[in-house]
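Shown next, in structure tokens, is the structure this report addresses.
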């Protein structure tokens, strides 16, 4: 049964037919929800076309009444909105303030230090963000190997390090600087540049690039 499979193996283990069957919920005499799902899928050439179906289109499928059609249409619209939001959230980084604007809302009130890596593609668009460490930043704890293995796995062209200072003071500590230099050196070897290290506190930030720590002569 689809519901039991979802509980035991997760939603990703279900076929399109099974996922639709859960939304349809109940069948009709002689037809299970799986049977109705199959008929529903046959009514459109693909999922994208099915998503565009109107309420009237949906109720033409045997076993789909008005309430089921409304449930399906609501689910399709929700999926569409989530997809649009994910696309809109992919930001392009052109300057340190872009990183700050993106990360300050989620990091400024954290009571513990979080070390986050932004993974960028060749156009400097953020393709993923991942928190690699929580706690007091220590250069011996933040391993370049772990960070760059993530970057390689996600096919990132560059990374930006971001971490917060719960105290609100955005002055780089000696550990911040050491960690930055280690990541920068490893990035040069691997061909995945560390573009910046941003420190966030309250509604302020410090860019180690703007502070001069990335200068070639340092």
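In case you wondered, yes, glycine gets a Cβ from its N, Cα and C as well.
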Of 135-148, 149-162, 163-176, the range Swiss-Prot labels motif 'JAMM motif': 163-176
Densest Cβ neighbourhood among 163, 165 (binding-site residues), 10 Å radius: 163
